Ligand SMILES: Nc1nc2c(ncn2[C@@H]2O[C@H](COP(=O)(O)OP(=O)(O)OP(=O)(O)O)[C@@H](O)[C@H]2O)c(=O)[nH]1
Ligand SMILES: [Mg+2]
């Protein structure tokens, strides 16, 4: 199908090893009674036209949410850029918007603010600046970036911000809400998050289709 220039595919990056979480599949790890990625689905889906999940393990469990599941094309967990590359290849829209699976408070106006920043700079790429630094896993990427990304990965590059530096990069200012990008890497952070997340309402328990 021809890509529609207006459209964005949201990508939930759930392909990591989660070593700091003891090797659990972090997207499926329960946080306050719900798998982590359900928070990301709930907050990202209304902002985008399509959604895909990038995952390397338990793909059947992820597929049960009803969205396409895209695995990395590179073996051995090369990092989030591999998930971005796989999603760019799979997406049928002009843009993808990536978020990590472990960020239950991600902003509801993420897509709007990234698109605005990107348009202002007329760039192919936009990411988040919180005032405390970049949050480069949150990225709006034009499909034309795939070749550059594959070249960077094939050359051994793994760092997102170093690859971004090869391109004009728009920064969306989220200094008003840096805490919205809190992500959960360790059992301690999970415990803190669980004390702050609401108990799941009954209907939320059936998000999984
Ligand atoms: N597709 C893909 N995604 C990854 C890979 N490594 C990390 N990610 C994702 O990138 C995002 C940020 O990574 P981290 O929070 O460090 O997650 P992680 O790498 O699984 O966890 P650690 O092993 O503890 O660093 C998460 O959404 C991960 O799922 C990978 O090799 N492939
Ligand atoms: Mg990591």
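Just so it is clear, glycine is given a Cβ too, placed from its N, Cα and C backbone atoms.
What TrEMBL lists as domain 'MobA-like NTP transferase' is 10-162.
Residues annotated as GTP binding site in TrEMBL: 13, 14, 15, 26, 54, 72, 102. DSSP assigns residue 26 (GTP binding site) to a helix. Within the same chain, residues at least 6 positions away in sequence whose Cβ sits under 8 Å from that of residue 26 (GTP binding site) are 14, 16, 18, 36, 101, 102, 184.
Residues or ranges marked as Mg(2+) binding site in TrEMBL: 102. Over all protein chains present, the Cβ of residue 102 (GTP binding site) has 27 other Cβ atoms lying within 10 Å.
The annotation region 'Disordered' is assigned in TrEMBL to 186-209.
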Hey, does DSSP put residue 15 (GTP binding site) in a helix, a strand, or just coil?
coil
